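K.L.:
Quick one: the structure is below, and I'll ask about it shortly.
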Amino acid sequence: MGKPTREEAEAAVRVLIRWAGDDPQREGLLDTPGRVVRSYEEFFAGYAIDPADLLQRTFSEVDGYDEMVVLKDIRFESYCEHHMVPIIGKAHIAYLPDRRVVGLSKLARLVDAFAKRLQIQEKMTVQIADMLDATLNPKGVAVILEASHQCMSTRGVHKAGASMVTSRMLGAFREDASTRREFLAIIGQSTGIHVPQA
Ligand SMILES: [Zn+2]
C-alpha cells in the first residue's frame, strides 16, 4: 500500500467536497484541497515518529530519586478512527522510576506521537502506558486520558460536554492502592475526575 501523491490526495478532497454537495471549482474552494492536505500532514504527524526512539535518551543518574514523577494536563488532539473527527482532551501520566528517568518534554511528545494518528482512546491509553513501561522499566506506570469526542458532539447522538475517561495502571499503580491514591490525588486537584479503582 504505497503512499498516494499530493495530487491524488487533493483530488480525493475534491470528491468529498462534491459529496458534501458543493462545487470544488467555485472560487472560495479552489485552494481548499491543498490546505486540507497540508492540514493532514499536521493532524497525522504521529505516523512519522517512532515513540520508542523518542524515549531512547533517558537519564539514568538521578541521585536516588525514587518518588513518583507526574505530568498532568497534557493537552492532546487526536482523530477518531471511526469518523475521522477530532478527539480533544488531556493526558495525565505518572511513573515510579527505577534508576531511569526521561525529560518531561519527552512525555508530552510521546502523547503527541500516539495522538496524531487515527485512534481510539482506549488503544491510545494502552500504547502510551506500555511504551513507557517497556522503555523506562519503571516500578509502575499510570496513564489517564479524558477527552471529548466530536463524533459524539457534532453528529450521532449530539451529546456535547460528555467526556470519556480511560486509564491504564501498571506495576505499583496497579498493585498498591496508596500509590494509586497519591497519583489520583495529585491529578484530581486539577481535573476533579473520579477514577474507579483498577
Ligand atoms: Zn468516532
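Each residue, glycine too, has its Cβ placed from N, Cα and C.
Take a look at what TrEMBL says about it:
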type    : residues             : note
DOMAIN  : 10-187               : domain 'GTP cyclohydrolase I'
BINDING : Cys80, His83, Cys151 : Zn(2+) binding site
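Show me how these features fit into the shown structure, please.
P.N.:
Mean pLDDT for the domain 'GTP cyclohydrolase I' (10-187) in the predicted structure: 93.
Non-local neighbourhood of Cys80 (Zn(2+) binding site): Pro86, Ile87, Leu118, Gln119, Ile120, His149, Gln150, Cys151, each in the same chain, at least six residues away, with C-beta under 8 Å from its C-beta.
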